[in-house]
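Engineer: Got a structure here, written out as structure tokens. Questions coming.
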Amino acid sequence: MNATDLANQATAAANRALDLAEAARRAAEAAAPIAAAAEPFLYLLTIFLMACFVGYYVVWSVTPALHSPLMGVTNAISSVIVVGAILATGLSDGIAAKIFGFLAVTLASVNIFGGFTVTRRMLAMFRKKG
Amino acid sequence: MATTLSTLAYLVASVLFILALRGLSHPETSRRGNVFGMIGMAIAILATLLHPGMGGGGIALVIAGLVIGGSIGVFVASRIQMTALPQLVAAFHSLVGMAAVFVAAAAFYAPESFGIGTYGHIHGGSLVEMSLGLAIGAVTFSGSVIAFAKLDGRMSGAPILFQGQHWLNLGLGILLLVLVIAFVATGNAVLFWLIALLAFALGFLLIIPIGGADMPVVVSMLNSYSGWAAAGIGFTVGNILLVVTGALVGASGAILSYIMCKGMNRSIINVLLGGFGTTGGTAAAGDAAAGDRVPVKAGSPEDAAYIMKNAQKIIVVPGYGMAVAQAQQVLREMADLLKKEGAEVSYAIHPVAGRMPGHMNVLLAEANVPYDEVKELEEINPEFAEADVAYVIGANDVTNPAAKTDKASPIYGMPILDVERAKTVFFVKRGMASGYAGVDNELFFRPNTMMLFGDAKKVTQEIVQALQR
């Protein structure tokens, strides 16, 4: 084996390495949007699952006597969906989004104010003996 | 996309919402909890309004919506009768569902507002989340409308059943899934609205077979759905507060549904398939029983007043019939008079009494019954053996001893109040009709039972008059 062959082999190996690096770079590029999209989802999913556990334990600690007020409160807070409605109404320029956003804000507001009001009324009635 | 500051505000709001639920562990802390909830909501709304890029016109529109919706909400909620609470809650659930549909539509037509793409080019993942939020929201809406109509007496509470009902629902469910897949693949607007329409139909069809007295489960379940819809929208628009709150509400409704089902010893599937209380089998059992039974012992309100005057320990067992007759106020008057005579009065609440979880407790609280006199099933059951009198008013199936002994009974295995152990049982009832489950209550025929026939309110009023004499 002479020096020229060795040099040729080295060049070939180097070229192959370059090709591999290029393929790896392309693969990484292709995967990047998926990773970028998956990351916020996984982040939200983590929060979601944790919140499910918190909800589970907190709700079991609610006394059965207050299950109706519990429904009132959960009804009010589930209307936090108003946040999405406000963003749609305030941020978009499109007329469709503005109309849907406005309708959603109105419906959710009925719940927010109605839910907290009726819960307050219920809770005000729970009094101790004497 | 949310800024650091608004994310922080959403975090604070989430914690306040958790504290609002936490406060409900005791009546004394519950009022403060509700205030926490209101503060949390105010923070969430303000933080969103301060979002950079909010146009002046948009803010004006939002405030208009808040004022219009808020006034309607406060107006309705301050006027509603406490007996009508279940239908109010059902109506409110339908609004959350519809709001979820509208937010999904807004996100579909203006995805750039939420950073999930541009119109017609929304990211695939966001389309999945959007269609979930949309479908659950739409089911919540139409399901709650039916629940509202049944609870409010605008449609019959009787289950509506037809041939092939469950197969139709299953078919529609599969079709919905296919539409969702097609929508995620294409992002087509027509498919978006088809999903909404189909989910509306499905919500409607899912609730019509369920009978009136199963509504506590339905209301709890729709409460849960409204939470999952909010969480679905939260995923779509990438908002942690919606995701957290949706999970809290979803978990809460699911637990309440579970408690209600356990209170009836039925699986959620059994409740959802519906038609309970209409099967022909129970009628035969009733006929057989009626044949060689001793006649029931009927008494007058005066008799009842005399016996209760001499009683030491009295347990009142209220049911939905009490609420229908609006007898809670006069019931409390009766209890006050008996307490003056030196008796100890307490109230026994079955988990499924009333038309929504905890409904009886609210009605009694409204009639100024102190909450420490009102007890849950596990707590009060051992006390019946020591009780001189059990006063059953507007309840039936939840006192039926057949649930403990008769394996053929449709209510076998259901936890019941051990009313029959009391020395004397007064059973206030309009007539001898069977309860919701369509079964005879053998308690009527027991030697220690005295039937007080008549309207719950009228009978109790007459007892009050007799006690005052």
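Cβ coordinates come from backbone N, Cα and C, glycine included.
Because TrEMBL annotations are produced automatically, they should be read as predictions rather than curated entries.
So TrEMBL says this about it:
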- B:7-465: domain 'NADP transhydrogenase beta-like' (DOMAIN)
- B:6-24: transmembrane segment (TRANSMEM)
- B:36-53: transmembrane segment (TRANSMEM)
- B:59-77: transmembrane segment (TRANSMEM)
- B:89-110: transmembrane segment (TRANSMEM)
- B:130-151: transmembrane segment (TRANSMEM)
- B:167-185: transmembrane segment (TRANSMEM)
- B:191-210: transmembrane segment (TRANSMEM)
- B:241-261: transmembrane segment (TRANSMEM)
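Map the listed features onto the structure and describe their local environment.
Structural biologist: Within its own chain, the transmembrane segment (B:36-53) has Cβ neighbours under 8 Å at 2-3, 5-6, 9-10, 12-17, 19-20, 23, 59, 62, 66, 241, counting only residues six or more beyond its boundaries.
Packing against the transmembrane segment (B:59-77) from elsewhere in the chain are residues 45, 49, 88: each is 6 or more residues past its ends and has a CB under 8 Å from a CB in it.
Long-range contacts of the transmembrane segment (B:167-185) within its own chain (CB-CB distance under 8 A, at least 6 residues past either end) are made by residues 124, 127-128, 131-132, 135, 191-192, 194-195, 198-199, 201-202, 205-206.
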Engineer: Decide whether the stretches the transmembrane segment (B:191-210) and the transmembrane segment (B:241-261) have at least 3 CB pairs under 8 angstroms, with pairs required to be 6 or more apart in sequence.
Structural biologist: no
Engineer: Within the same chain, where does the transmembrane segment (B:130-151) have neighbours whose Cβ lies under 8 angstroms from its own Cβ atoms, ignoring anything closer than 6 residues to its ends? I mean 6 or more beyond.
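Structural biologist: Sequence-remote neighbours of the transmembrane segment (B:130-151) are 86-87, 90-91, 93-94, 96-101, 103-105, 107-108, 122, 157, 176, 180, 183-184, 192, 195-196, 199-204, 206-208, 212, 215, 218-219, 222, 225-226, 228-233, 235-236, 355.
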Engineer: Short question: which residues 6 or more past the ends of the transmembrane segment (B:241-261) have a Cβ under 8 Å from it?
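Structural biologist: Answer is 10-11, 13-14, 17-18, 21, 44, 216-217, 220-235, 267-268, 271, 351-352, 357.
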